[in-house]
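Database features (Swiss-Prot):
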TRANSMEM  122-142  transmembrane segment
TRANSMEM  153-173  transmembrane segment
TRANSMEM  198-218  transmembrane segment
TRANSMEM  291-311  transmembrane segment
TRANSMEM  320-340  transmembrane segment
TRANSMEM  361-381  transmembrane segment
TRANSMEM  401-421  transmembrane segment
TRANSMEM  498-518  transmembrane segment
TRANSMEM  561-581  transmembrane segment
TRANSMEM  588-608  transmembrane segment
TRANSMEM  615-635  transmembrane segment
TRANSMEM  687-707  transmembrane segment
Amino acid sequence: MAAPTPSNRIEERSGHASCVRADADLPPVAILGRSPITLRHKIFFVAVAVIGALAWTVVAFFRNEPVNAVWIVVAAGCTYIIGFRFYARLIEMKVVRPRDDHATPAEILDDGTDYVPTDRRVVFGHHFAAIAGAGPLVGPVLATQMGYLPSSIWIVVGAVLAGCVQDYLVLWISVRRRGRSLGQMVRDELGATAGVAALVGIPVIITIVIAVLALVVVRALAKSPWGVFSIAMTIPIAIFMGCYLRFLRPGRVSEVSLIGIGLLLLAVVSGDWVAHTSWGAAWFSLSPVTLCWLLISYGFAASVLPVWLLLAPRDYLSTFMKVGTIALLAIGVCAAHPIIEAPAVSKFAGSGNGPVFAGSLFPFLFITIACGALSGFHALICSGTTPKMLEKEGQMRVIGYGGMMTESFVAVIALLTAAILDQHLYFTLNAPSLHTHDSAATAAKYVNGLGLTGSPVTPDHISQAAASVGEQTIVSRTGGAPTLAFGMAEMLHRVVGGVGLKAFWYHFAIMFEALFILTTVDAGTRAARFMISDALGNFGGVLRKLQNPSWRPGAWACRLVVVAAWGSILLLGVTDPLGGINTLFPLFGIANQLLAGIALTVITVVVIKKGRLKWAWIPGIPLLWDLAVTLTASWQKIFSADPSVGYWTQHAHYAAAQHAGETAFGSATNADEINDVVRNTFVQGTLSIVFVVVVVLVVVAGVIVALKTIRGRGIPLAEDDPAPSTLFAPAGLIPTAAERKLQRRLGAPASASVAAPD
């Protein structure tokens with residue numbers, strides 16, 4: 001019998017559903033639902049829209065009275081429901097047009113290591129864990145300096161119209177190209193010049209991003225035996241889950257999930273007990289350098305081992321902790337009804353001289369929030385690990401669009417944890433030590449002089465706040481993570497345990513942050529490896545073999561290159577806190593958003609190439625907005641005459657002090673620190689220029705290719721020919737009645753996937 005082709009697609013309609021077959025002699029590979037929207041559904045969505053509009057009205061226009069945090073949660077939730085049901089559906093029907101009778105890269109290239117068809121629930125867990133890192137936790141906390149209103153609008157609306165769209169569509173074009181990386185797709189679709197720029201620039205950006213994320217993990221876990229023990233235990237638990245699903249009970253995802261959740265909760269609770277034992281404190285209180293080497297080793301192992309053994313189950317397991325904690329915080333908001341202490345729009349939004357970060361609301365609020373609304377890093381995951389695990393094209397909507405929507409909600413909750421804090425305490429936590437001298441008395445004097453609303457803070461108040469969470473001081477605990485932990489403790493102790501458990505919740509939050517961010521390190525390493533393989537393979541010769549995923553020596557070599565790159569920067573940052581990775585922190589947000597510009601450019605061009613010019617506005621509008629934000633921010637960072645904003649102006653001031661033989665200048669307290677600032681600002685300014693040049697080259701190439709395509713003379717679409725699928729799997733996280741019926745007929749575990757017999 002001849003191999004079936006996509007043209008053999010057969011639809012058998014029954015009521016509001018159709019069974020799709022790739023071959024008449026094989027079982028169905030998909031169920032297409034065509035259920036109309038009933039009156040009950042219409043009433044529900046109208047009610048959601050009305051409630052959402054009311055909530056946004058309260059959030060935006062009630063300025064002269066306190067605003068309850070519940071309103072922001074309600075506004076966000078209603079917006080997500082409408083966005084996923086209607087806007088994501090529009091994109092699916094008009095742009096993506098998924099074909100579940102087409103085999104995905106995981107089915108075609110199934111190699112048991114990188115390409116593995118995986119249950120959609122596990123893929124969703126892996127994908128969410130991989131994309132949700134430091135950005136949605138730290139960015140909104142820092143952006144609270146500008147006020148809660150612009151931050152909440154951008155996090156929610158920006159995600160629905162930009163971030164979710166980017167993730168969904170990058171996943172789509174990668175799946176249609178055998179899971180190719182973003183850099184390779186730039187080369188294939190936009191030409192060699194843009195491709196070289198992307199294949200060189202993107203790995204540099206991703207190396208910086210992974211190193212920054214890893215440093216946040218190291219700082220959170222240093223001298224924290226509870227966190228180290230609990231996170232270490234997730235590794236054997238994940239390996240057990242992977243083997244359980246692979247060999248013992250294939251397809252029993254719900255079963256292994258219950259076991260994994262139980263073991264995870266045991267690891268979290270027992271971590272507190274272990275930390276208070278003599279042997280636990282000795283074994284798990286690790287120095288930053290030791291943690292670096294352990295993290296580097298883990299990153300390499302996670303990228304080498306088969307994806308089903310460690311990466312996917314560990315990310316899936318971590319998702320339960322992530323989503324569970326965020327859900328608990330959301331319940332805490334609804335139960336405690338905390339009042340938002342931050343102003344709707346602060347005076348720092350216009351002045352641009354806030355103590356947390358310098359710069360005006362536009363463009364730096366959008367740069368600071370970063371992954372909470374739009375993230376270029378996500379494009380690497382959507383063209384890295386996720387397309388190589390996906391069972392069906394129909395699952396892309398819930399995983400790509402839904403995964404980013406979930407992360408946006410994480411950012412909303414993170415924003416609220418900072419916004420409900422007394423603003424004097426918020427700025428005490430986030431003001432640079434240059435202004436506070438790490439003293440409660442000096443900090444109180446400084447923040448009381450900022451012109452904040454509310455009662456002035458006293459040194460005793462600051463000391464009591466630190467003691468309530470088991471810390472010696474909370475003064476100048478910059479970076480956002482300590483503020484998030486403090487806000488989480490403030491929220492959770494009101495719901496569970498009272499004041500007596502506030503310190504417990506604070507240290508739990510520290511562990512949660514490390515676990516939350518670590519999953520992006522391992523997935524990012526694997527995604528970066530794919531990009532390095534694609535980039536080097538373009539040189540031809542023996543390097544061409546690197547693009548073959550089955551060539552293990554090449555895969556291992558690329559993994560070593562990636563881990564060595566971010567690992568060396570991580571070690572530099574830990575051993576040299578005034579330089580190294582800290583140099584790259586201000587670049588994190590801009591680089592991430594510039595990467596999103598590259599991804600949206602490729603998406604827009606592909607949509608035009610596929611003859612869907614009418615719908616090119618869907619990725620095109622987010623692209624124009626992202627370019628306006630990032631290029632403006634880059635211009636200011638490169639050319640601003642304000643030394644608190646412009647890299648080169650700051651470089652010139654410190655270089656002048658260096659040449660004058662000064663021993664202290666600005667934030668530098670000695671000559672060595674002055675030298676560090678001179679070096680760091682040079683690196684920052686240079687990388688800013690490089691990143692902008694890369695993005696401009698890609699965008700210009702995209703415009704040229706798009707115009708040629710419209711005129712009928714463009715580069716051909718680099719999409720692989722489809723192959724027929726023999727695998728059935730439900731499209732959504734929850735199977736429909738028709739899908740369940742087919743599953744029972746095929747004899748597979750409830751809601752699992754099943755392959756046609758050979």
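The backbone N, Cα and C atoms fix where each Cβ goes, and this holds for glycine too.
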Positions on the same chain near the transmembrane segment (361-381), where near means CB under 8 A and six or more residues out: 127, 130-136, 139-140, 142-143, 146, 150-151, 154-156, 158-159, 162-163, 166-167, 170, 181-182, 202, 205-206, 209, 345, 349-350, 352, 404, 407-408, 410-411, 414-415, 520, 523-524, 527-528, 531, 588-599, 622, 626, 628-630, 632-633, 636
The transmembrane segment (498-518) and the transmembrane segment (198-218) contact flag, 3+ Cβ pairs under 8 angstroms: yes
Contact between the transmembrane segment (401-421) and the transmembrane segment (291-311) (3 or more Cβ pairs under 8 Å, separation 6+): no
Among 291-311, 588-608, 687-707, stretch most in contact with the transmembrane segment (153-173) (C-beta, under 8 angstroms): 588-608
Spatial neighbours of the transmembrane segment (320-340) far in sequence, C-beta under 8 Å, 6+ residues away: 66-70, 72-73, 125, 128-129, 132, 148, 257, 260-261, 264, 268, 406, 409-410, 413, 416-417, 419-420, 488, 491-492, 494-496, 512, 515-516
